[in-house]
Amino acid sequence: MVEVLLAALILVCSSVSCGSAGGYTGLPALGGIYYYQYGGAYSGFSGADGERAQQLDQRFYLLKLPIARAAMVVGGCLLVFPCVLILVSVLQVPWHFPAWLLIECTLYIVIAVGIVPGLYYFLHSLLSVYNSSVCKEREQLYQSKGYQGFWCSLHGAEIAVGLLGCMAAMAYLLSAGIAVRDYRTVHGQKQKPLQL
């Protein structure tokens, strides 16, 4: 169940990087109270600056999109795998076929080892996006108008994906050890003669 929780959190946190489709929208354009609160049609950007902000947002979004989608796919697969194993356990496959636990152990180890290069690729790719000229220009444009929060650095959800990925790798290694222990237990119980 810990693996299910970690995978679900990885999926949610990696989806934050996907965000919206990009494109600057001034708060007054949202209508309602924002229109009056922020002084009517004033948005901080006018004409060419507004168009440039939209273009940079769209390009930045397109740079991050493949990375976020890949992370969401991995999170989804990590979510499905323990659910399948729970179903296998409910069907008592390990009791009827104890070697299944050794297969399960192998799968746990492969996944735990595979998470490490996956995290490297995820963080390395995001850092290359944040070091791109598109991000730097976008950051400068927004700072010139006094907007905060458009820095070219990893944000909390992306850091959380990295930490959760490390925790998931450790959880899978621990599960591999538990699968070996369970194999020994089941194998030992099947070797004992039936006592009445």
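Glycine too: its Cβ is placed from the backbone N, Cα and C atoms.
Mean per-residue pLDDT, taken over the domain 'MARVEL' (1-184), amounts to 84. The annotation domain 'MARVEL' is assigned in TrEMBL to 1-184.
The signal peptide annotation in TrEMBL covers 1-21. Cβ atoms under 8 Å from those of the signal peptide (1-21) belong to residues 58, 61, 64-65, 67-69, 71-72, 74-76, 78-79, 81-83, 86, 126, 155, 157-158, 160-161, 164-165, 167-168, 171-172, 175 of the same chain, restricted to positions at least 6 beyond its ends.
Summarising the annotation, TrEMBL assigns transmembrane segment to 67-88 (among others). Residues of the same chain lying 6 or more positions beyond the ends of the transmembrane segment (67-88) and with a Cβ under 8 Å from any Cβ of it are 1, 3-4, 6-8, 10-12, 14-15, 17-19, 94, 100, 104, 107, 111, 118, 121-122, 125-126, 129, 161, 168.
TrEMBL lists 100-123 (among others) with the feature transmembrane segment.
If you look up TrEMBL, you'll see 159-180 (among others) marked as transmembrane segment.
Residues 2-3, 6-7, 9-10, 13-14, 71, 78, 101-102, 104-106, 108-109, 111-113, 115-116, 118-119, 122-123 of the same chain sit 6 or more residues outside the transmembrane segment (159-180) yet have a Cβ under 8 Å from a Cβ within it.
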